[in-house]
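Visitor: As listed in Swiss-Prot for this protein:
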COILED    34-138  coiled coil
REPEAT    206-239  repeat 'TPR 1'
REPEAT    248-281  repeat 'TPR 2'
REPEAT    290-323  repeat 'TPR 3'
REPEAT    332-365  repeat 'TPR 4'
REPEAT    374-407  repeat 'TPR 5'
REPEAT    456-489  repeat 'TPR 6'
Amino acid sequence: MSNMSQDDVTTGLRTVQQGLEALREEHSTISNTLETSVKGVKEDEAPLPKQKLSQINDNLDKLVCGVDETSLMLMVFQLTQGMDAQHQKYQAQRRRLCQENAWLRDELSSTQIKLQQSEQMVAQLEEENKHLKYMASIKQFDDGTQSDTKTSVDVGPQPVTNETLQELGFGPEDEEDMNASQFNQPTPANQMAASANVGYEIPARLRTLHNLVIQYASQGRYEVAVPLCKQALEDLEKTSGHDHPDVATMLNILALVYRDQNKYKEAANLLNEALSIREKCLGESHPAVAATLNNLAVLFGKRGKFKDAEPLCKRALEIREKVLGDDHPDVAKQLNNLALLCQNQGKYEEVEKYYKRALEIYESKLGPDDPNVAKTKNNLSSAYLKQGKYKEAEELYKQILTRAHEREFGQISGENKPIWQIAEEREENKHKGEGATANEQAGWAKAAKVDSPTVTTTLKNLGALYRRQGKYEAAETLEDVALRAKKQHEPLRSGAMGGIDEMSQSMMASTIGGSRNSMTTSTSQTGLKNKLMNALGFNS
């Protein structure tokens, strides 16, 4: 049966069906004849014909059943044949679609290869153009540094202090910046430069590469910055040996790049290695050692390990005090950083001590109008708030706003009031049923013109403090001024180079000869790296 073809099965079923139909007709005829015979037979002769008739009828029923079953089997077999044919059709379609899919994949792969080749050609042409500009700027930069190496050691404009936790990630005003989840933006170029080379003079050739790496890293172009650093490290170790200050500097830079990529383990290893080299080559009390310790503290702070960061920050403070003196502004910055770390651990007595000492240094050395004075007062106010010392916090907030107002608009008088005083008068007038006066409106407009993140933060914090005291009208006044100030100065800030501050821009300008257009094309990194390394005198 298994060897029979489908046609043989169909033919056999039809033959059986025809044979059963013929037998049914024959038995039906015999049955009718017997019924007629039984009717004409006497009663005593009837049993035999009736018995035959009964057998014929039984056989007829079986034949009818057999015919029906044969018809059903034939129908089922035909359906099975149809399903098999449909299945074969679907299989053929599937094979055809698979072939088409394979062809489309080949076409797509070929098109992608052509697209990549085209993009590489475009990128190569753009890189050639950029390379020529860089070569010109590098030559100009090197010519300038050779004339006076000492005066151009620092990368970009550097203020009195330039490698502290505040500049490397610990925000001076927003306490949330101390949380590890907040450090997602690339480190600004001037901050990375300061943190990497403080207290150590970088050779001109290495400084140029250093500036290029910093520029790429500040733009988030890590795929270019990292290979440049690694190539420079390899060449420096070949020419100068591993235990050399230049190697430590490049390790610092690469660590900061890794840190911005959230590769904290790699960054920590590099910083520890740089620290060991600097301690061995420069001594344990060198400012560059303090800078590396500070970078390690930042790294721990980014991971929320404030307890581990604190001793590193304290050691950096000791070095600065020893080298610079107890009342140097850099010492004040380090005190500010240490206070921020202690604040995140709830050590408020130490926080107050560090902030107050930093405030004394700033006021005595830099004057009451220095921005660091307002920042430190703001930080100290935040510490007071966390301890429930609302009166002390309020007094400091008012001092900040009063000094900012006097600096911008002159001596305080009845016609020239600071915004907090206007806010409190509005609170009093609200209870008396009086509206805002023209002087108050003018005061709001003046306050909104003060473009200072510290002042804006102070307005928000004092407004929150007023709300806690139930002074809702005064709180709304300060919040309104803060919002106006933000809206006024947002268009100005949005025109900056991707959020990089003026110091970063000037540093980049000195590095690339005034060209501020970032390289946004997906480039051939190896070609660019080799050209840059060759231009700088390194073996690629």
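Here the Cβ of each residue, glycine as well, is placed from N, Cα and C on the backbone.
Note that the structure is a prediction, hence the values are computed from the model and not measured.
Surface or core, plus neighbours and distances: that's what I need for these features.
Guide: Here the repeat 'TPR 1' (206-239) has, by DSSP, the following mix of helix, strand and coil residues: 31 helix, 0 strand, 3 coil.
Taken through DSSP, the repeat 'TPR 3' (290-323) splits into 31 helix, 0 strand, 3 coil.
Across the repeat 'TPR 4' (332-365), the model assigns an average pLDDT of 93.
Within its own chain, the repeat 'TPR 5' (374-407) has Cβ neighbours under 8 Å at 166, 172-173, 175, 332, 336, 339-340, 343, 348, 351-352, 355-356, 358-359, 362, 368, 416-420, 446-447, 450, 452, 454-455, 457-459, 461-462, 465, 468-469, counting only residues six or more beyond its boundaries.
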Visitor: How do the residues of the repeat 'TPR 5' (374-407) split into helix, strand and coil according to DSSP?
Guide: 31 helix, 0 strand, 3 coil
Visitor: Where DSSP helix means H, G or I and strand means E or B, what are the helix, strand and coil counts for the repeat 'TPR 4' (332-365)?
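Guide: Split into helix, strand and coil, the repeat 'TPR 4' (332-365) gives 30 helix, 0 strand, 4 coil.
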Visitor: Could you tell me how many residues in the repeat 'TPR 2' (248-281) are helical, how many are strand and how many are coil under DSSP?
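Guide: Result for the repeat 'TPR 2' (248-281), in helix, strand, coil order: 31 helix, 0 strand, 3 coil.
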